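As recorded in Swiss-Prot:
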type	residues	note
SIGNAL	1-24	signal peptide
REGION	25-114	region 'Alpha-1'
TOPO_DOM	25-308	topological domain 'Extracellular'
CARBOHYD	110	N-linked glycosylation site
REGION	115-206	region 'Alpha-2'
DISULFID	125-188	disulfide bond
REGION	207-298	region 'Alpha-3'
DOMAIN	209-299	domain 'Ig-like C1-type'
DISULFID	227-283	disulfide bond
REGION	299-308	region 'Connecting peptide'
TRANSMEM	309-332	transmembrane segment
TOPO_DOM	333-338	topological domain 'Cytoplasmic'
């Protein structure tokens, strides 16, 4: 069996756990984790990661030489040794719980011990511009499919199938929703406020995108216009194409926002246009760091306007690095297991 690399785990997480988009001016804290069984190769691997907005700040990997919760942002490094000891202790407890849960779920689904399986988890809270809780959420996924989710009222659960109904009944018997609600309405909000204050220079900044439009001939009769937005933060951005002032939806390709590896993000939107009609098309960019929305056209020149290979290669590689994997047990101790 091939052992999964962290990048693969991130892709699994992004595919199964749906992230709620934060509103403009809002902030979020999210923890993700993934436990992957590997029969014949020891205990399941457990990876965990925490994010404030679009910035990773903690990381844990059970396969490291000395597994500990580690800082990934300068503003969290100032926390004392007691903080990191508790983070590590709680994360290891969460990892052990998920290893047991993997065995339990394999039994629920009557699956072979020889096959590998994945349990994913996400919890988080969003704050509005007034600093109050907008929403809280917790989700579980098994083998890349929805399993169990805390409802928006933070008082009840939604089970995806018959097996998940068993876990739902266990959560209800243990008053798990009440525990989660206390964390999401209290501890999560308090720590998010603390992190936003300690890391305000990084977390509350708004870096505007660097934008340009490139031209790529496809056939003699049509071409692709690609609108680029590079180096922006936070990640939320809107790119649209218009033809003669009307929004275009057909023949438009829009990629997901991707991390650039330096704390900023990248995105592009492309549209296929008839050759000779390029100037009828405009790209419109909206981002928090811009004083007003931008409107761009392709500027024809004697040189080809293809993006440099470094940018293209970087985007391809970075497409696999998505917000993914960490642990809410960092801030609350998981008291029930499937």
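Note that Cβ sites are derived from N, Cα and C of the backbone, with glycine treated the same way.
For residue 227 (disulfide bond), the count of additional Cβ atoms within 10 Å of its Cβ stands at 26 [all protein chains shown].
A mean pLDDT of 95 is what the model gives for the domain 'Ig-like C1-type' (209-299). Comparing the Cα of residue 283 (disulfide bond) with the Cα of every entry in 110, 125, 188, these being the recorded positions, the smallest distance points to 125. According to DSSP, the region 'Alpha-2' (115-206) comprises 39 helix, 29 strand, 24 coil. DSSP gives residue 110 (N-linked glycosylation site) a coil state; it is part of no helix or strand. Separating the Cα atoms of residue 188 (disulfide bond) and residue 227 (disulfide bond) is a whole-number distance of 38 Å.
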